[in-house]
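Copied over from TrEMBL:
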type	residues	note
SIGNAL	1-16	signal peptide
DOMAIN	40-91	domain 'Acid ceramidase N-terminal'
ACT_SITE	Cys133	active site, nucleophile
DOMAIN	136-334	domain 'Choloylglycine hydrolase/NAAA C-terminal'
Amino acid sequence: MDRLCCLLVSLSAVSAQFVPPYTEECQTGMYPPKGPTFKGPVTWYTIDLDLPPSERWKLIITDKKAELVNMIQAIKDLANAFVPSGKLIDLPLIVNTLPYPFNEEIKGVATASGVPLGEVVLYNIFYEIFTVCTSLVPMVVNIDFQRGNKTVFKSTNFAGYVGMLTGIKPHAFTLTMNERFSLDGGYIGIVEWILGKRDGMWMSFLTRSVLENATSYEAAKNLLAQTKLLAPAYFILGGNQTGQGCVITRSRVLSLDIWEIELKLGRWYVLETNYDHWKEPLFLDNRRTPAMKCMNQTTQANISLKTVYDVLSTKPVLNKLTTYTTLMDVNKGKLESYIRDCPNPCMPW
């Protein structure tokens, strides 16, 4: 049986402990997706990496222009809650300091959408500072990145967001990035970048580079563990061999921990919910315990795309901030994503 990367998560934020009415017994029979928690499949697009970077996103942005305008306004509103309106940094000046090809792709998104360049830059760096999951639903797309008419990698992403959060290198590895909350947050890295200290990598640009260029699980793991970042993060990586799977806990400067599957110890999966795995999660946000309960109840022998979807459909793993659920099977090169909803009663965050 193909080894399933069951490390991939539903893109969600916070939940609660095992306290009614926000929890439930582990769900079964939820796949194929249906019912009130399923809002529809995610649309597929193709990006041709042989095109000049400034032209790659044109078709997607043409389709998603109105949604992009609304999304950027939501991010501006959130940013202005921290920095008074009219005093945001002149972000167009940043774009030329960003690494190639991301800078040129961002310029292309601005041109295709008619959205001011500075606002497209803000959209593309927002994950380094804050997340706005619920506003992102209309922007979710699946993308097949191709070179020479052959798939290089696949991703579930946001239209016009040139970095990557979730993706698969078929037959090699799967990769997901999760936010890691820290006092040494991404805003510090961005300020340093603006002031000229540019020795760190933007998180989503690193994820994109790894998906595009790394050729193996070990190569991807080394890059994710060793590259200096602008913001702390968790990287959830799965490979194509039995026992290949890990959660890499990152500070901005170094890898704090690489937590790997270890079958000899009975650890047949690793699971990440935005908290360091060696610490207790916040008592108001314990998605870890319910998720582990459902994984253990499923058992290793029965793990599949179907049963992982069941786990990710169980409250409070599923909550009001769950935007989409992605399932990936590395050996089949398969990526499936579904827009989600969490009917009441459900945790709001």
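The backbone N, Cα and C atoms fix where each Cβ goes, glycine too.
Automatic prediction, not curation, is the source of TrEMBL annotations.
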For the domain 'Acid ceramidase N-terminal' (40-91), the mean pLDDT of the predicted model: 86
DSSP-derived helix, strand and coil totals, residue by residue, for the domain 'Acid ceramidase N-terminal' (40-91): 28 helix, 7 strand, 17 coil
